[in-house]
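Peer 1: Okay, handing you the structure first.
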């Protein structure tokens, strides 16, 4: 009796032994589901080669035109990866095969063949009592399964089995596994991952964070939809086809869904043969590849807060960028999430702020809205989490015409400083990352050798300088112009320094040393660029020194302020005395909430007396006066009727009564190192953009102080406007709060080059 089983055995044996009469049938293997047919009263066997076009036509005719089974195999070969992956359906299961790129295809073919081959079942079944049944006749061994790659299946052009995987799969269009054909999708455009940020709010843009392979984001298609919880019907969100969407008031209470369809467009001659093509208009056709869509859901959209820092502060700047030749600069400590989000911060340090207002996904939206609302040309930011920079600030600000640079602090802490500039206003020439541990690593570089005497006198100081994580950025920016806004003849390059100095109430000497070293490094950088700038007919850059300097005026003129203002710090300044008993003994990183709340040991009473005397001398030297020709008090809003701010000298008489500022009370006697201060002179004498009149930029429970500054070269720059710091009534409570996302306030100034700007160095 002729059955499919014994016919298959006979036919495959015949196929291996019979000399072919057809030149393309030498490797023919019979696969019954597609290739056999019994016609009429005669049993007719036809051997067909799938690689032969005439045989393919014959097979189609016999089967009534039904094509062979077609599946899809996806192959991904990432640049730089030593392996590639092949995803295909074998034995009704998706297999992901990871194989070396330089491996011959024949090894992979053997692996596929072993995967789809039926299991070898030996012996008969046993009876219930344990005795085996009579052995059933063993079936003849199955023919080996054909696994081949074809450059052109219709023409029978096969890829050699000895070809390395990377080349073989790149050339191939079809994979044959037994009777199944797989169309090869090589490096298909793919959305590997799509993430929407948490806690979307009406009026605040949300941007999908995408991970794409073999696709470009600018070609990827986006479709936003929304629906209420509990409803089944999704409705399209009109007029939005990008990865960024700003929820509207009518979206409140809805979920959002984003569908991402990856697309790759390749130049003529580089596409896969199965890709759709379109005319380029230049005699060729570019290939368009569309991948599988991926969808991602959002949280329910919430209503926007009724009152925010952006509404209060950006009313002075929104829609009013600085008029050229002026430019706007802002410095802002964002309060890193690793500090605001800690249990200690929420339960102790900022216990007055609702925990939901300290949540990163809430604060980042308010911070971004405020930063964009200032319409600054240069943004100097501190306490920027690495994630905040890469996943939120940089993508959003780049879409608004900015570019930026991030420098992480040294050590294990994952936050640092970031400087952004508007690319239509400035072009970056150079950024130098200034790492304080490296600057004070012994032996000291010649430019810093004058510090050696202090390090030799105080091993504790040398140790502390290798533990502190402070960094600074020095960015050289070149003004750019266009037809609508040409460069002004008085414009010159800028060197913008951005830093966040070390916090500790008994380490002002370290802040002073770091400030001097940063200025020395910036000066050296500018000297190295001097010839190149002169060759390009550019004047020497004007220096701007920005950041959170952790140096308040509540208890005297600190060394950082005197150094920046006068370009000189004497050896008898109280900073040197104050630091004599400082020891590095904390495990927390620079500036953490835990470290800021730590209670250090007060200084020895003898040192305290010396500090008091040094403070009197420092106060006598302090004479902050507005630079000649400055526009004192000029702001972006009318200044008439504004209350006069107390002068720095007047504030010297005020002492903090809340316990935050250190108190010089008697402490147990102990042996201390003799203070080893030195006369420090730096290449710059700068002017504070606010003439030190800002009452506070940090406003927390138990502490209120000016910590954030913008210092400028008075010989080349002047202040032409500023964003006023809100009053205590406008702030309404300690910060951070539901309205103010940081414990600091941004300082924002409009600056302009002076007409008579002569290089001073």
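Placed from the backbone N, Cα and C atoms, the Cβ positions cover glycine too.
Source: prediction; values computed, not measured.
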Peer 1: Would you please say which range out of 267-287, 288-308, 309-329 has the annotation region 'Disordered' in TrEMBL?
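Peer 2: Within the set 267-287, 288-308, 309-329, TrEMBL attaches region 'Disordered' to 267-287.
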Peer 1: What range among 58-86, 87-115, 116-144, 145-173 does TrEMBL describe as region 'Disordered'?
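Peer 2: Among 58-86, 87-115, 116-144, 145-173, the range TrEMBL annotates as region 'Disordered' is 116-144.
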Peer 1: With TrEMBL as the source, which of 589-618, 619-648, 649-678, 679-708 is set down as region 'Disordered'?
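Peer 2: Residues 619-648 are the ones TrEMBL records as region 'Disordered'.
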Peer 1: From the DSSP assignment alone, can you count helix, strand and coil residues within the domain '2',5'-phosphodiesterase 12-like N-terminal' (188-267)?
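Peer 2: In the domain '2',5'-phosphodiesterase 12-like N-terminal' (188-267), the DSSP-based counts are 3 helix, 36 strand, 41 coil.
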